[in-house]
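Taken verbatim from TrEMBL:
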BINDING   LYS9, ASN10, THR11, ILE12, ARG13, ARG143, LEU144, GLY145, HIS146, GLY147, ARG148, GLY149, TYR150, TYR151  ATP binding site
BINDING   ILE55, GLU60  substrate binding site
Amino acid sequence: MNPALRALKNTIRKDMRHKLAALSPEEIKQQSAVVTEKLLSMPVFETSQNISVYISMHGEVCTQEIIKTLLERQKNCYVPRCKGPLMDMVKIESWDDYLSLPKNSWNIPEPTQDYPRENALESLHGLDLIVMPGLAFDRTGTRLGHGRGYYDTYLIKANEYNKSIGRPPVATVALALTEQIVDIPLPRCETDINPEQILHP
């Protein structure tokens, strides 16, 4: 990525983080309920059995009810586990399992590296759907993440794995608060991968 593009992305990230930090928990809760209802009613959600979903932090659509619904419907629920520059999606077995997850340096619950869990890309089925976060989104569907490239890299791996086991490409849906949708086109580079759909209130 060229330095000018990187600097522009980082400026937008800084401004967006400042905007999101000003939102109250109640505002986020209300918007999250609307977005969650939209996601749960989507045909791709209803038909998918193997779903990964991010664990939310302040300034993102809260995913607790989504995770709880997945487990209640006995779908396979996978959440991110990061090590250095790499991210995997590993399975959580129950709501109690989710509640027991320790918090990482971002204050987000995350499975530990030393506890054995099923890796979605080592399973017999791969993933059907990835529910992903983002920091900002524009009206054309461009996603700006936090800058680490976790999801861009993982989506390539997930689709390569699905292809290797004869499964279709993984579907992708991003969740956004109203404040995360911007009217100006966001900068992007050749390695950025946009979600197929973006849900917001």
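Counting starts with 1 at the first residue shown.
Backbone N, Cα and C define each Cβ position, glycine as well.
Unlike curated entries, TrEMBL annotations are predicted automatically.
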Cβ neighbours within the same chain of ILE55 (substrate binding site) - under 8 Å, at least six residues apart: THR63, ILE67, VAL79, PRO80, LEU101, ILE108, PRO109, GLU110
Cα-Cα distance linking GLU60 (substrate binding site) and LYS9 (ATP binding site), given in Å to the nearest integer: 18
Which listed residue (LYS9, ARG13) has most other Cβ within 10 Å, given these are binding-site residues: LYS9
HIS146 (ATP binding site), number of other Cβ atoms within 10 Å: 13
Binding-site residues: THR11, GLU60, TYR150 - member with fewest neighbouring CB atoms within 10 Å: THR11
Residue pair THR11 (ATP binding site), GLU60 (substrate binding site) - Cα distance, angstrom, rounded: 19
